[in-house]
Amino acid sequence: MPFLGQDWRSPGQSWVKTADGWKRFLDEKSGSFVSDLSSYCNKEVYSKENLFSSLNYDVAAKKRKKDIQNSKTKTQYFHQEKWIYVHKGSTKERHGYCTLGEAFNRLDFSTAILDSRRFNYVVRLLELIAKSQLTSLSGIAQKNFMNILEKVVLKVLEDQQNIRLIRELLQTLYTSLCTLVQRVGKSVLVGNINMWVYRMETILHWQQQLNSIQISRPAFKGLTITDLPVCLQLNIMQRLSDGRDLVSLGQAAPDLHVLSEDRLLWKRLCQYHFSERQIRKRLILSDKGQLDWKKMYFKLVRCYPRREQYGVTLQLCKHCHILSWKGTDHPCTANNPESCSVSLSPQDFINLFKF
């Protein structure tokens with residue numbers, strides 16, 4: 001008679017009926033028997049009730065230990081591998097499908113924010129999730145989302161960089177949560193409503209911290225951007241991809257203000273982000289009858305999405321359907337794995353899990 005033990009993966013136990021009742025068969029070769037509860041229970045009080053109570057005690061002890069560990073941990077859900085297999089349907093070998101929440105948990109976003117080449121990519125992905133995909137995440141993925149966001153805010157407060165970028169991210173998330181919290185009873189958010197109200201208060205506190213940042217001058221006295229030749233100053237400005245950064249840089253010094261109004265600088269910025277067809281539809285002339293490229297840029301930004309470019313992105317292998325960070329290895333059987341990899345923008349990453 002087979003008996004299934006506590007571990008469902010075990011082959012079970014062999015029991016044999018004797019004159020004294022059912023006994024567990026210990027060794028097939030020796031033919032010896034062993035009493036299941038003889039080590040801690042007398043034979044007279046042996047019963048099914050004792051067996052079930054011991055099993056329930058073990059399960060309860062394991063559950064209490066797990067609850068204590070979960071209550072003490074505030075870190076991100078950890079997974080050893082830095083890649084994930086993306087499957088969208090069930091097969092004989094693999095059942096189910098990969099979700100956005102699973103990918104968000106298993107990919108190394110917590111470490112990625114520490115890399116300046118991947119920071120903007122992760123922030124843009126967080127913004128897209130906050131806009132429309134927050135309800136598609138599981139409970140652990142939503143908790144993971146808030147933990148990563150907290151690390152991003154702490155990093156910005158420490159480095160005093162990318163302040164405006166994180167302000168916009170927090171405002172987007174707060175606006176989305178205000179809409180979702182009002183829809184109580186429709187199962188749009190995982191968890192208690194009071195927990196999400198507390199998280200919204202935390203977001204407001206982060207916004208206050210970012211607004212109160214006072215950028216201090218560096219202690220060392222060396223060359224500044226105003227001490228450089230004009231050609232180098234223009235070269236630095238041409239590497240800025242956001243027109244708002246050009247405006248802010250022009251407000252730092254009178255000499256930089258003159259350079260920030262350069263028509264050729266704004267023309268190249270428009271041509272970098274937008275196509276010729278888009279530019280022709282939004283032509284604006286100045287009082288002198290010339291194209292006002294600065295006004296055209298801000299007009300185009302309101303009408304069309306800007307070009308996105310990141311140092312390091314996520315990539316999908318077309319051969320083995322594995323998603324990983326660019327530059328990291330993954331188990332691939334292709335002869336040339338690099339030729340099979342396709343870079344994904346943050347929006348492409350989200351679209352990958354839309355079924």
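Any Cβ shown, glycine's included, is placed from N, Cα and C.
As stated in Swiss-Prot, the feature motif 'Nuclear export signal' covers range 169-173 out of the listed 4-8, 99-103, 169-173. As annotated in Swiss-Prot, motif 'Bipartite nuclear localization signal' covers the listed stretch 280-295 rather than the other ranges in 24-39, 72-87, 280-295. Confidence in the motif 'Nuclear localization signal' (62-67), given as mean pLDDT, stands at 55. In terms of DSSP helix, strand and coil, the motif 'Nuclear export signal' (169-173) has 5 helix, 0 strand, 0 coil. Broken down by DSSP into helix, strand and coil, the motif 'Bipartite nuclear localization signal' (280-295) contains 5 helix, 2 strand, 9 coil. Taken through DSSP, the domain 'F-box' (223-271) splits into 35 helix, 0 strand, 14 coil.
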